[in-house]
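Colleague: Mind looking over this structure? Questions follow.
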Amino acid sequence: MPSADQILFVNVTTTVAAAALTAAAAVSTTKSGSGNAARGYTDSDDDAGMGTEAVANISGSLVEGLTTVTAALSTAQADKDSAGECEGAVEELHASILGLQLAVPEWEALLTALVLSVIIVLTIIGNILVILSVFTYKPLRIVQNFFIVSLAVADLTVALLVLPFNVAYSILGRWEFGIHLCKLWLTCDVLCCTSSILNLCAIALDRYWAITDPINYAQKRTVGRVLLLISGVWLLSLLISSPPLIGWNDWPDEFTSATPCELTSQRGYVIYSSLGSFFIPLAIMTIVYIEIFVATRRRLRERARANKLNTIALKSTELEPMANSSPVAASNSGSKSRLLASWLCCGRDRAQFATPMIQNDQESISSETHQPQDSSKAGPHGNSDPQQQHVVVLVKKSRRAKTKDSIKHGKTRGGRKSQSSSTCEPHGEQQLLPAGGDGGSCQPGGGHSGGGKSDAEISTESGSDPKGCIQVCVTQADEQTSLKLTPPQSSTGVAAVSVTPLQKKTSGVNQFIEEKQKISLSKERRAARTLGIIMGVFVICWLPFFLMYVILPFCQTCCPTNKFKNFITWLGYINSGLNPVIYTIFNLDYRRAFKRLLGLN
């Protein structure tokens, strides 16, 4: 039996042969006229006409014969295709107590109807709750949730317009509602499912733009733009689903109850619709969610690093020794207070010495120190001076853009207060400079240590010059600090400063910052997990259906059973019931709105 390619070859051959015979007839007519004129025939026109008529008759006979052969081959191929289709589209019928003829046993029909009805009801309830939550719960009434509403509407139409007819068709094994309703049902099926998938793609793109370009996209994400994008989703879905209604199909002209009501298997449309409905959106969602996952993971790492540095929990970072740095002593009831002033200059790369919150040009640092209960620990070189532990809390504030750094220390004991302040200029090298060196000084104002509370404020103001500096005054006293002063290690008086993570005591501001950061990190971790669940569920639900949808028109020997096809089809439909769960169960506001709507508060 000839193949489709052979039939195409015969058709082309027929056309070429007909054209060649027509051309031969024209040439014959011309030659006949020329020859008769040369021989002086007076009835040359009649002879030429007879020759032309003969050639035309021969041509017509050949064309008719070739056309008959082509028609016969086409009919044979069609018969083969019909015979090659999966037989038993309607399997053995089973009688029911209601007098209906069912495609499956009655118990199986009841179980199928029960399970599928539960899926339909849950899908309807879930998507209605999503829609009502957005419009009735104020925290959810934001622009980006309009995409969720559009998705819920698409899934709701699937549950209302598509699934009930599919239940009846699956149980009865035949379509009892006529050809027009069959075509309308199939079109709604493609329209609603495509819209659901494209809405998932739009949600992915919205999240991607919000993460990669948050400032600009926040301005562009207006109600008008979001509604325009949603309208584009539904319009594109209509363009994908409507071509079969205007002729791009292989549906039979005569339709009976025994005729299967199935999606068209016209190969061109199958490729067109599968690309637009699934494979292109799948590629976009995969790329977008990978980018979102990478960006989220990078932000998590950056924030974790910033949280660690901003609480000054540095791990044994020892700064290089400073030349010409001399400790300054102040007495208080026989005890000593040692103060070392130095310059910490960040050079070209400020990030080597500054925390992320200091890297901005305009910030301030506030700190609060408390007296430890036991601070009589000897130094590493036999020095009996007590060591300090101090926690610095970073609070970002806007300042004037000029190069000026000041340090203020205030100590209160019995109503007495002392202050010390200094200024510095930027240096070009990454080093610690002496207190009395170029750029300023740090003068202690008679600081007294004691058993009271000490407050300190370190404010830094840097201009546009990236090479800023911070003057550091480290005091060894009875307070707690995270900065530990190592006494001079040689006779030259050179000292080193070690920053050691000791016991951390956070103030109220620091606790607030940490709590906000923990909440933010927790949200982003949940978002990253949600991305994996979204993609996993989407692929599991829809990939089997679209693989079957694409393969069957090109595989004449592939004959899956009706039960298998129904299972694969319903696996895709289940995605419409899972979408409201996936996109809302991880959101606290949606859970609160659901409880509020269901009266479970």
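Here the Cβ of each residue, glycine as well, is placed from N, Cα and C on the backbone.
Not measured: the values here are computed from a predicted model.
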Colleague: Quick test of your reading of the annotation: per Swiss-Prot, do THR136 and THR296 share a side of the membrane?
Modeller: yes
Colleague: Annotation N-linked glycosylation site per Swiss-Prot: which of the candidates ASN57, ASN324 has it?
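Modeller: The N-linked glycosylation site feature in Swiss-Prot corresponds to ASN57.
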Colleague: For the transmembrane segment (113-135), which recorded stretch in the set 185-205, 226-248, 531-552, 567-588 gives the largest number of Cβ pairs separated by under 8 Å?
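Modeller: Checked against 185-205, 226-248, 531-552, 567-588; highest Cβ contact count belongs to 567-588.
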Colleague: Which residues, sitting 6 or more apart from CYS182 (disulfide bond) on the same chain, put a CB under 8 Å from its CB?
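Modeller: In sequence order, TRP175, PHE255, CYS261 meet the Cβ cut-off.
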Colleague: Run the contact check on the transmembrane segment (274-295) against the transmembrane segment (185-205): 3 or more C-beta pairs under 8 Å, excluding pairs closer than 6 in sequence.
Modeller: yes
Colleague: Taking a Cβ cut-off under 8 Å, which residues six or more beyond the ends of the transmembrane segment (567-588) line up next to it in the same chain?
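Modeller: For the transmembrane segment (567-588), the nonlocal Cβ contacts are 116, 119, 122-123, 126-127, 129-130, 133, 148, 151-152, 154-155, 158-159, 162-163, 166, 193, 196, 200, 203, 526-527, 529-530, 533-534, 537-538, 540-542, 544-545, 548, 594.
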Colleague: Could you tell me which three-state DSSP class CYS261 (disulfide bond) falls into?
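Modeller: Looking at the DSSP assignment, CYS261 (disulfide bond) belongs to neither helix nor strand, so coil.
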Colleague: Restricting to CB pairs under 8 Å, which listed stretch, 146-167, 185-205, 226-248, is in contact most with the transmembrane segment (531-552)?
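Modeller: Ranked by Cβ pairs under 8 Å, first place goes to 185-205.
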Colleague: Using a Cβ cut-off under 8 Å, which residues of the same chain at least 6 positions beyond either end of the transmembrane segment (185-205) come close to it?
Modeller: 147-148, 150-151, 154-155, 157-158, 161-162, 165, 177, 229-230, 233-234, 236-238, 240-242, 244-245, 261-264, 273, 276-278, 281, 284-285, 288-289, 292, 534, 538, 542, 572-573, 575-576, 579, 583
